[in-house]
Amino acid sequence: MAKIRVYELAKKLNMTNKALLTKLKAMNIEAKSHMSSLEDDTEARVRESLHGMKNKQADTRVKSSVIRRRRPPKPEPSVTELPDDEAAGSNGAAEEKITTPGPVTGDEMTETSTPAPVKSKIPLKAQTDSTNRPTPEDPVVKATELKPKKVTKPKSSPARVILRPDTPAKEEPTKAKEVPAAKEVPAAKEAPKVKETSKAVNVSEDEVNPLPTKNVELNSGDSKPDGALEEKSETDEKALEKEPTIKQEDTILEDNHARKEVRSVAVDDDDKNLDTAEAKDKKRKKKKVQKRSEPAKIIKMAVPISVRSRNKVKTEATQAPTSPQRPKVHPKPADKGPARAQAHRPDTGRDAVVLPGEGDGEVKRSKKKEWKKKGVGGPGVEFAPKGAPRKRKSVVEGKDLYEKGRSGKKGRRKDGRVKKTKTMKTQITVPKAIKRRIKIDEVIELSELAKRMGIKANEMIVKLMGMGVMATVNQTIDFDTACLVAAEFDYEVEKASVEEDIVLQVQEAEIDPDKLVSRPPVVTIMGHVDHGKTSLLDVIRKSKVATGEAGGITQHIGAYRVKTKKGTITFLDTPGHAAFTSMRSRGAQVTDLVVLVVAADDGVMPQTIEAINHSKAANVPVVVAVNKMDKPGADPDKVMRELSEHGLLAEDWGGDVIFAKVSAKTGKGIDGLLEMILLQSEVLELKANPDSPATGHVVEARLDAGRGPVATILVNQGTLKAGQPVVCGLYSGKIRVMIDDMGDDVEFAGPSTPVEIVGLSGVPEAGDEFVALDSEKDAKQVSDSRMQKQRAKVLAKRSRANLEKLFESMGADEIKELKLIIKADVHGSLEALNDSIMKLAQDEVDITIVHSGTGAINESDVSLAAVSDAIIIGFNVRPTPKVRSMAKDENVDMRFYDIIYNVINDIKAAITGLMPSTFHEVIIGRAEVRDTFVIPHKGLTIGGSFVLEGKIARGFKVRLLRDGVVKCDSTLSSLRRFKDDVKEVAHGYECGIGIERYNDIKIGDIFECYEIEERKAQVEQIKE
C-alpha cells in the first residue's frame, strides 16, 4: 500500500504542516512530525473530514446569539474574536484547514470565520441600499463574490484557537449575496493574482459577517461569483462605470467614537433595531479599549477584492452616503480621523476564534499618524495601494535585494513574482593619467607588473608573445621589456627613484679645496707567480709574510701600512696566480700606483702581461721592479726588452716608466724603489678630506668563527670611526671593532689606511664600496634596498637560464653533473675558486656549485651535501670532529686543500672520470691477396697475401676491401706462414689468411687489420 508523507499531504491540501498535524491529532491519528508517513485510508479520512466540514459551512450561518456569548470583559474562551494584533502576528497563517475548491458549509464558516458576527434582523435593505451594500469606507470583503476555488496557503504560523462555536447557526445561503464587499486596496490591474493575507476583524454586537475569511487568490480577471452572486456583481460593475471616484467625506463616519474603536463592520439585512445596535456598539468600544494590549501590526495590509465588489461598493456609497444606519467603521485611515481599516479579516483556520486585545487605542492613533505622513487616504484614493507592499509575504533571497526592477508594478509579472533583470557587465574603469605611470626597479615579475597595471596576467602574456617574448606568470622581465609591454596598455614605466641614492647623496659633501690634505699613496704589488712579490714586501715591512703562505704563494690580498723615512706607504699584495685575475683587477682599481715585479731570470710571463693590462685599464701609473738580481742568470735587459713590446718603455730607453733593480733576498735596491714610489706619488698630488664622511673599498672579507663577518677595508676619503654605521655592499652594520695591519685596536682610520672591521650583518664581496652614514636606520634601509634588487636579479637570471637550458636539453642526451659545495677562509679565495672551477666545465659534464661561502664547514653544509649529492671542498678551512662524524654517517665526501693548484687538478680528474670515453680505430696492418686456395674438407677459402704495411695479427678485427668497398668485416679464422700457425706476420712477409664465415676472396682484395681503442677524455692539468 502506498504511503504519503505529512508534508506532502499538507501541500496537496494547501495547509501548513503544523495545521495538518493539529488536525491529525484532533482525529486521533498518530503523526510525530511532518516526515511521518500516512496510509491511503488515513489520507482519505483527512480529506473527508476537511471537505465535509466545508460543505456544511455553505448551508449554515452564525446567529447573533453566538456573538453575544463571546463578549465578556476579559479575554475568556467564550469570546469569539481575535484582535488585529493577534491576527497580525499570525499574518494570515491561521488558515490551518485550507480545503480544495468547493462549497463552504455553515459549520466551517462558523469555526474559521470567527470574526464574522451574526447579521441583525434590521430591515436595512428596505430603508436604504447603503445599509446592505458597503460604502467606500466599508472594508468588509464580500467573500462569496470571490472565487473560492483558488486557495493559497499563507506562509506564517496559524492563529491560536480560542473557541469553537458549539452550535453554529443556520441561515439561508441566499443571504450571502447581500454581504457588503470589503474595501479594495490594490486594484485588480495593479496586483493581479495577489494572495490575500486577511486581517483580524472586530465584531460589533449587532453586526455579523456571514462569510468565512479565507485566503483567496483575488484576480479581477479570473474571479467569478457562484450562483446568484454573479448577477449582483454584474450590476455593481455597471454602477462603477457611472461613478469612478468617491469623495473623501464619504469615507468618514459621523460618529467619532465609532471611527476610533470599531474594528470590523458587516451590514445585515436582518430585522434589528438600530438604536439597540448603536447602544451596544458604544458598550463594546469601551471594552476593547481596555483589553487591547498589542498593536495591529498588519493594519496597513488590505484585502484585495474583485472589480465587481469594488463597483458595488462605489454604487451603494453614492446612493446613501450619509445614512445613519451605515456601519460605524471606516475602511482606511482618513486625513483627519483616527479611524482604521475595518474589513481586514484574519487568516484564521477552522478552529480559530478572534480574541479582542487590550490597550490598542494609542497604537491606533500612532498608526494613523504614520499613514497621514505617508499621504494615505486622500480624496479619490479610498482604495489606495497602501497595503500593496505587504499584501503578500514571500521569501526573498539576499541576491534579490540588489537586483534592479524588484519594486513597483512594472517589475512584476502576472503571477506576482518579480522579473529578473539582466545584470550589467562590470565596466573597466580607466585610471587617471597620473595613475598610469608605474615605477619599477631594474627587473620585475610579470604578475607583479600586471597587478600594478590592473590588468590580467594572461593579457600581458599574450602581448609579450606577440612581441616575440615567451614568458610565464612568475617569470621576471627587465626594464626595457616592461616599458614595451606597458606601452601596449597605455601605461608609462619609469625607474623607481632609488632611495639609497637619496640617502647617500646627503652624505656626500662638496669637496672643499681648503680642507684637502696630502694622503699616503696606495701601492699594489703585482706580477707573475713566484716572481718574489711577497718576499719584496716582507723586506719592506721587515716581516715574514711569505714564509706563512701555503705553498709559498699568496692566495688573497693583504693590505699593509709601511712607514719610511720619507713618508708612509700603503701596500696591497695581490696573488700572482692565474686564478686570481679578479683580485688583481680589484687591486688595480683601488690603488694609486702599481709596482710590477718581474724576475730577472724568468722575464715576462702571462700574469705579468695580465697585470700590465689591468694597470692600463685602471689608468694607473706603473713602476717596474726587476727582482732576483742576485741570481747568476739574471738578465735585466731582457726584461726591459720584453716589457717594451707591451708598451712599458724604460726611462733609460727614452720612455716614462721607472725601472728599479732590486733583490728581495739581499735587500739591494729597496731604498731606491721606495724613493721612486714616493716621487711618483708627489707627481700625482694625492689629497683627501679627512673631515668628510668616510668612503672606501672592501679589499678582502671573510667569516671568522669567533667574531663573525670580518672585512678588510681601505679608506679613500674621510675618517672612519669605531661605532659608526656603515654600508658595505649588500650588508650594513655598526662598527664594533677596528684593527690595523699590525693587529692593534684603533678608534679611527684616516685616508689611505687599511683596517679590519667587525660588526657587519654579512660577509661583503671583495671590491664592494663602503660608506659611513649618520643613522643606523638609514644604513639598514640602503642595505634592504640593495638586497631586494639583488634577489630580483638572481631570480631573473635563474629564470632565463632555466628556459635556455630547457630548450637546449630538448632532444639531447642526459648531461652528467658534478655538484660542489665550496667553503674558503676569505672571500677573495672563494671567488677565485669559483671562477677557476666554472671554467673547467665541459660539454659532457656540467659543474654546479650548490653553495659557496666563507667560514668553517658546518653541519648545514653536510646536510645540504647529503641531500644534493655534492662534494664538499674546504680551502684553508677544517671541520670540527662533530661535523666529520656527521659526514661519515651521511656518506658525504669532503676534501681539504691549502693550495689552489691541487683543488683545480682534482676537479679536473673528477670531470675526466665523469666524461664519456671516446673510441678510435687504429689500423694495425694491410695485406694484399696474391692468390687463393680452397680447402675442400673444411669449405674454406684461403687468401695467399703479402703484408704491405704494419702487421697482421690474431685477435684483431679484419675487414676485406675490394676496390675500396668493404665486403666483409669479421675476425681472422686462420693465419699461417707456410704450414705453421703464427701469431702475427710482419711487414714484407707472405702468409695465408682465412676469414670466419666468408669465402668470397678474390685476387687483388685487401685485408685490413685494425682494433678499436678506447680513449678517456683529458682535461689539461695546471702545472704546479
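Just so it is clear, glycine is given a Cβ too, placed from its N, Cα and C backbone atoms.
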Of 573-576, 613-616, 689-692, the range Swiss-Prot tags as region 'G3' is 573-576
What range among 435-438, 627-630, 731-734, 787-790 does Swiss-Prot describe as region 'G4'?
627-630
When you get a sec, could you say which of 517-521, 547-551, 552-556, 777-781 is annotated region 'G2' by Swiss-Prot?
552-556
By the DSSP assignment reduced to helix, strand and coil, which category contains Lys533 (GTP binding site)?
helix
Relative to the Cβ position of Met629 (GTP binding site), how many further Cβ atoms are located within 10 Å?
20
Validating a neighbour-count step here. Other CB atoms within 10 A of the CB of Gly527 (GTP binding site): how many?
28
Mean per-residue pLDDT computed across the region 'G4' (627-630)
82
Validating a neighbour-count step here. Other CB atoms within 10 A of the CB of Asp530 (GTP binding site): how many?
18
Please work out the number of neighbouring Cβ atoms within 10 Å of the Cβ of Lys533 (GTP binding site), leaving out its own Cβ.
29
Secondary structure content of the region 'G4' (627-630), with strand meaning DSSP E or B:
0 helix, 1 strand, 3 coil
